[in-house]
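Asker: Below is the structure I would like to discuss, written out as structure tokens.
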Amino acid sequence: MEKQVIIATKNKGKAKEFEKMFSTFHIKVKTLLDFPEAIDVEETGSTFEENAILKAETISQQYNIMTIADDSGLVIDALDGRPGIYSARYAGEEKNDEANIDKVLAEMIDIPNDDRSAKFYCALAIAIPGKETITVSGTCEGEILRERKGNNGFGYDPIFFIKDKGQTMAELPSEEKNRISHRAKAVDKLPSILQNLFFLGDQK
Ligand SMILES: O=c1[nH]c(=O)c2ncn([C@@H]3O[C@H](COP(=O)(O)OP(=O)(O)OP(=O)(O)O)[C@@H](O)[C@H]3O)c2[nH]1
Ligand SMILES: [Mg+2]
């Protein structure tokens with residue numbers, strides 16, 4: 001039977017990236033964009049991992065199926081780690097990427113060029129009914145530009161500059177982002193975990 005996994009996200013940018021990355025695992029992926037009636041999980045955790053676990057466990061219990069959730073964000077050193085777990089809503093509940101970028105650029109207007117380091121962080125939680133939830137994570141180092149560059153990706157990608165690429169995350173083609181991003185680095189850790197889980201105890 002083809003393995004089924006729900007990715008507990010409503011974020012279109014993430015959904016696209018997960019569908020592309022999972023196509024190599026021959027696992028059929030659905031996201032919460034396919035389940036409009038899914039519980040809307042309130043992210044009350046104080047860490048990326050806590051929020052990812054909340055999202056994965058709520059949905060895996062609702063549908064009794066293996067669920068992976070991603071909680072991720074942008075952590076800027078000069079802003080004491082902000083926006084962090086509040087990245088999606090940094091400029092307000094409407095989760096507007098453009099407004100989020102504007103707010104970060106305004107807060108960093110006086111930050112010198114040599115103090116604009118940042119990282120993207122992604123925590124994934126894997127919840128399987130009847131088993132212990134597992135988390136993995138990935139990070140991608142970069143720095144924050146003073147203006148947007150590039151139209152690919154989503155969120156803060158246009159202002160996140162990756163030195164050894166000489167480009168922003170939004171200038172990279174999506175295949176390239178899906179090789180080097182914080183999300184890709186976390187997803188890369190899944191095959192060995194899924195192998196063990198499926199090998200040790202086939203999903204019911
Ligand atoms: O430029 C970006 N490139 C990325 O690759 C990326 N990954 C995360 N983020 C930011 O962090 C928030 C996640 O917040 P988040 O994990 O709570 O997700 P979300 O609320 O958007 O959807 P959901 O997965 O919770 O349904 C997102 O909205 C973005 O602002 C990114 N920005
Ligand atoms: Mg969220």
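Note: Cβ is positioned from N, Cα and C throughout, glycine not excepted.
Whatever TrEMBL says is automated annotation, not expert-curated.
The substrate binding site annotation in TrEMBL covers THR9, LYS10, ASN11, LYS12, GLY13, LYS14, SER72, PHE154, GLY155, TYR156, ASP157, LYS177, HIS182, ARG183. For GLU42, ASP71, the entry in TrEMBL reads Mg(2+) binding site. According to TrEMBL, the feature active site, proton acceptor maps to ASP71.
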Asker: Distance between ASN11 (substrate binding site) and GLU42 (Mg(2+) binding site) at the Cα atoms, whole Å?
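Answerer: ASN11 (substrate binding site) to GLU42 (Mg(2+) binding site), Cα-Cα distance: 15 Å.
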Asker: Which of the three DSSP-derived classes (helix, strand, coil) applies to ASN11 (substrate binding site)?
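Answerer: Its secondary structure by DSSP: coil.
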Asker: Which residues in the same chain, at least 6 apart in sequence, have a Cβ under 8 Å from the Cβ of ASP157 (substrate binding site)?
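Answerer: Listed in sequence order: GLY150, THR168, MET169, ALA170, LYS177.
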Asker: By a simple count, how many Cβ atoms lie within 10 Å of the Cβ of ASN11 (substrate binding site), its own Cβ left out?
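Answerer: I get 19 for this one.
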Asker: Would you identify the secondary structure of GLY155 (substrate binding site) according to DSSP, in three states?
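Answerer: GLY155 (substrate binding site) sits in coil per DSSP, no helix or strand.
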Asker: Whole-number Å distance between the CA of GLY13 (substrate binding site) and the CA of GLU42 (Mg(2+) binding site)?
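Answerer: Spelling it out, the Cα of GLY13 (substrate binding site) and the Cα of GLU42 (Mg(2+) binding site) are 20 Å apart.
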Asker: For ASP71 (Mg(2+) binding site), which of these binding-site residues sit within 10 Å, Cα to Cα: THR9, GLY155, HIS182?
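Answerer: The binding-site residues passing the 10 Å Cα test are THR9.
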Asker: Are there residues of the same chain, six or more positions away from GLU42 (Mg(2+) binding site), whose CB falls under 8 angstroms from its CB, and which are they?
Answerer: LEU54
Asker: Among the binding-site residues listed here, GLY13, GLY155, whose Cβ has the fewest other Cβ atoms inside 10 Å?
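Answerer: Fewest other Cβ atoms within 10 Å, among the binding-site residues GLY13, GLY155, is found for GLY13.
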Asker: Here are the binding-site residues: THR9, SER72. Which has the lowest count of other Cβ atoms within 10 Å?
Answerer: THR9
Asker: Which three-state DSSP class does GLU42 (Mg(2+) binding site) fall into?
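Answerer: Its secondary structure by DSSP: coil.
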Asker: Among the binding-site residues ASP71, HIS182, which residue has its Cβ surrounded by the fewest other Cβ atoms within 10 Å?
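Answerer: Ranked by other Cβ atoms within 10 Å, the binding-site residues ASP71, HIS182 bottom out at HIS182.
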